[in-house]
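Here TrEMBL flags 11-327 as domain 'Cobalamin-independent methionine synthase MetE N-terminal'. Positions annotated as 5-methyltetrahydropteroyltri-L-glutamate binding site by TrEMBL: Lys25, Asn128, Arg530, Cys531, Trp576. TrEMBL lists 441-763 with the feature domain 'Cobalamin-independent methionine synthase MetE C-terminal/archaeal'. Among the features that TrEMBL reports, L-methionine binding site is placed at Ile446, Gly447, Ser448, Glu499, Asp614. According to TrEMBL, the feature L-homocysteine binding site maps to Ile446, Gly447, Ser448, Asp614. What TrEMBL records for His656, Glu680, Cys741 is Zn(2+) 1 binding site. Summarising the annotation, TrEMBL assigns Zn(2+) 2 binding site to Cys658. Annotation source TrEMBL lists active site, proton donor at His709.
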Amino acid sequence: MTEKQTFPAATVAGYPRIGANRELKRSLEHYWGQKIDRATFDTQINQQLTTRIDHLKDLGLTEPGSNPGDFVLYDQVLTLTCALGAVPQRFGNLVRPDGSLDVDGEFTLARGVDDKAALEMTKWFDTNYHYLVPEIGPYTQISAVANPWLEQVKVGGSALRPVLIGPVTYLLGAKASADAPTHFQPLQRLDAVLAGFEVFLSQFAAAGVTWVQLDEPALVCDTWSTSREEVLEVARKTYEFLSKLTNRPQIFVNAPYGPLGLDGLNVLTATDVEAIGLDLVAGPVPSPADLKTIGDKTLVAGIVSGRNVWRTDLRQALATLQAIHQVVPNLSVSTSTSLQHVPHDAAVETSLDPQVRSWLAFADQKIAEVQTLARGLADPNSITAELAENAEILASRANHPGVKRAEVRQATAAVTVADRTRDPYPQRLAAQAEILQLPLLPTTTIGSFPQTTEIRQARAAFRRHEIDEAQYDEEIRNEIARVVKLQEDLGLDVLVHGEAERNDMVQFFAENLEGFATTEHGWVQSYGSRCTRPSILWGDVTRSHPITVEWSTYAQSLTTKPMKGMLTGPVTIMAWSFVRDDESRAEVADQLGLALRDEIADLNAAGIKIVQVDEPAIRELLPLRAAGREQYLQWSVGAFRLATGGAPKELQIHTHLCYSEFNVVVDAIDHLDADVTSIEASRSKMDILPAVHEHGFERGLGPGIWDIHSPRVPKLDEEVGLLEKAVAALDPQQVWVNPDCGLKTRAYAETVATLENLVGAAKAVRAKLEA
Ligand code: GLN
Ligand code: ZN
């Protein structure tokens, strides 16, 4: 065992890695685009790593083990997959004789190549971050073949605390490889993973690491297909084994994103791990009696939210910490989750309303908060000034007139069940069939077309006042006309306007609704090099003017085919924004629902015949604990139905969801009561279909046949194959043909090639069905 070292008084569970100016994104994309060579890429990455560690030290994370070593190139789960050499068979040629991959190999797993599909991507717990799902089979090679964290230790020295995904979460988050027998579960490979961790830990010990952090969010979740008892038994086995090792640093097991629960806590306290982290923001604070079992282990209190952007109520947080301290002698202060979910620094948001900005804490402000709280815990008198300033800021927020508007509250209070109910589906189906006159297996896309450089430049120029609104509108108009023409040439049946005017599907609405603020630099990693800039929903929401009607009607005027109006749903607007923490989510969702309801009424009045309300995020906000799910689905589905419930039966309502665990939410999707639902399915090879069939889902369904998250162009027969699976499993009358998701991130070349194949596949299968 390495030298005993008390756990740092203040730390954070993780820090953004994308870089304050998105340096990582740029390096990755330049390298992939062959604008820089490997040596330059390596230099840039080393530079970023050093800058990050130094920056955290400048912010005060200098104590031994206080500086989180969670810098990875693409994804923290992928990093562990590569360190364990757990490479799926189809990528076997990338593996070097020692079992490891070079960075090109790592990127190939993430992005796919030729006919080899990338690892599947799935949302990380209830966040908007995507991880790459490991594929584990009975014979997958698993051993410690590389230790990328040592590089960070070399740079960070004793302050650095390597952060790894824990074995339980790694295996529960994995899926069985394609060649595994039917009942195989990745958890069966626990021993191999533990052997790998034994090596990592001994390497850390040899490098003088004092603390290692193992993230086990799997333990806050009781909705795995594996029972809670079994999950906890695996956790017990894991941490008994790891903590009994003699050649290791001290172990900090962190349980972010939800309440660990007394059962989970007891499993960890019974082992010899030295520190346990609890998320005190997402879950209730355990009672003093429950915390007693911690004994002389360190409790790392995740009291500052790693998920939202609001200043912590320091007085309240300090009181909570003090109460815990009564029963837990070794108490440290941290964030509830990694700060990878928030932007770097609120101080640079100089174009935000200064009052709103004063309410905010991004990653760097949160680091200051944990330190203030740690000082206050040691000596409350040392932070009197900070507490006073904090109280003043919170009061200014509570008293701001936009925070609560009487007319909005009256409108949500007046909502009835009838407002959330449409005509019965059979009547809608008949009315819409008559108006739309669509062929069997109608083809469509999910909404966005590639955002060209010209459009991005025009938007930037408009923002900088280099072109005026008329010029900008002209660019958008031309782009829409081009996209409509392209779709007509391709032979698609239901067209879209392409969303050229939208920087982001949520931000666009946030910018056009009251109650939101948008940031300039507030980027957060979504996956790999992709980032989003979540808006900040701080007040009551109202719609003061129509938002999408002008562009949708213009696009419709260019074609006789139906043009889909395109809206983002209430739940997704919330999931991809930073939402106020001073109001129930149900209330906020209904406020958004009412605003969108007015927009749909305006689209309908303007002659639009199909409106798509995207809800890709419904699944990601699903509580990790089964007990919370019913209530969540009640308000989230309710808000969608409030938005769409005013649509007349002739108006076809589509929705779009992008993830493959259809079975988890098939009930909820059914309750959304949309006429047509499109959903991601291609990466998972259509394995959503049995769930649809079993459930008896009878409305329109478009299982995606093109994985748009990869630059790969699927061949025609591949798309025919996926589509044939769909028509075999469902009633062909139900089936729509579309890509997995919007095309915004794709290039035009691959878009056109793939859509040709998609239309070709629909025609081929249609011909067979009609023969
Ligand atoms: N309509 C959106 C688009 O096409 C949907 C994107 C999504 O589901 N994430 O971009
Ligand atoms: Zn999608």
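Just so you know, glycine gets a Cβ as well, placed from its N, Cα and C.
Where the annotation comes from TrEMBL, it is an automatic prediction and has not been curated.
Here the features listed in TrEMBL are painted onto the structure.
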{"residue": "Asn128", "record": "5-methyltetrahydropteroyltri-L-glutamate binding site", "Cβ within 10 Å": "22"}
{"residue": "Ile446", "record": "L-methionine binding site", "Cβ within 10 Å": "27"}
{"residue": "Gly447", "record": "L-methionine binding site", "Cβ within 10 Å": "25"}
{"residue": "Ser448", "record": "L-methionine binding site", "Cβ within 10 Å": "23"}
{"residue": "Trp576", "record": "5-methyltetrahydropteroyltri-L-glutamate binding site", "Cβ within 10 Å": "24"}
{"residue": "Asp614", "record": "L-methionine binding site", "Cβ within 10 Å": "25"}
{"residue": "Cys658", "record": "Zn(2+) 2 binding site", "Cβ within 10 Å": "24"}
{"residue": "Glu680", "record": "Zn(2+) 1 binding site", "Cβ within 10 Å": "26"}
{"residue": "His709", "record": "active site, proton donor", "Cβ within 10 Å": "24"}
{"residue": "Cys741", "record": "Zn(2+) 1 binding site", "Cβ within 10 Å": "27"}
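Proximity to ligand 1 at the level of Cβ atoms, with a cut-off under 6 angstroms, picks out Gly447, Ser448, Cys658, Cys741 from the binding-site residues Gly447, Ser448, Cys658, Glu680, Cys741.
Close to the recorded L-methionine site, the chain also has Thr445, Val496, Met505, Met566, Gln612, His656, Cys741, Gly742, Leu743, Lys744: residues not among Ile446, Gly447, Ser448, Glu499, Asp614 whose Cβ is within 8 Å of the site's Cβ mean position.
Between the CA atoms of Cys531 (5-methyltetrahydropteroyltri-L-glutamate binding site) and Ser448 (L-methionine binding site) there is a gap of 17 Å, rounded to the nearest whole number. Sorting the binding-site residues Lys25, Arg530, His656 by the number of other Cβ atoms within 10 Å puts His656 first. Proximity to ligand 2 (Cβ under 6 Å from any of its atoms) holds for none of the binding-site residues Gly447, Ser448, Cys531. Spanning the listed L-homocysteine site, residues Ile446, Gly447, Ser448, Asp614 have a farthest Cα to Cα distance of 12 Å. Considering only the binding-site residues His656, Cys658, Cys741, the residues lying within 10 A of Ser448 (L-methionine binding site) on a C-alpha to C-alpha basis are Cys741. Put simply, of the binding-site residues Ile446, Glu499, Cys658, Glu680, Cys741, the one whose Cα is nearest the Cα of Trp576 (5-methyltetrahydropteroyltri-L-glutamate binding site) is Cys658. Between the CA atoms of Glu499 (L-methionine binding site) and Cys658 (Zn(2+) 2 binding site) there is a gap of 18 Å, rounded to the nearest whole number. Residues His656, Glu680, Cys741 make up the record's Zn(2+) 1 site, and a Cβ search at 8 Å around their centroid adds Ile446, Pro616, Leu657, Cys658, Tyr659, Ser678, Ile679, Gly704, Ile708, Pro739, Asp740, Gly742 from the same chain.
Spacing of the residue listed as 'Zn(2+) 2 binding site' relative to Asn128 (5-methyltetrahydropteroyltri-L-glutamate binding site) is 12 Å (Cα to Cα, whole number). Here the binding-site residues are Glu499, Cys531, and the one ringed by the most other CB atoms within 10 angstroms is Glu499. Listed recorded positions near His656 (Zn(2+) 1 binding site): Ile446, Asp614 (candidates Asn128, Ile446, Asp614, His709; Cα-Cα distance within 10 Å). Cα to Cα, Glu680 (Zn(2+) 1 binding site) and Lys25 (5-methyltetrahydropteroyltri-L-glutamate binding site) are separated by 25 Å. Per-residue confidence over the domain 'Cobalamin-independent methionine synthase MetE N-terminal' (11-327) averages 97 (mean pLDDT, predicted model). Among the recorded positions Ile446, Gly447, Asp614, His709, Cys741, the residue whose Cα lies closest in space to that of Lys25 (5-methyltetrahydropteroyltri-L-glutamate binding site) is His709. Checking each of the binding-site residues (Asn128, Ile446, Gly447, Asp614, Cys741) against His709 (active site, proton donor), the C-alpha distance stays within 10 Å for Cys741. The two recorded residues, Asp614 (L-methionine binding site) and Arg530 (5-methyltetrahydropteroyltri-L-glutamate binding site), have Cα atoms 20 Å apart.
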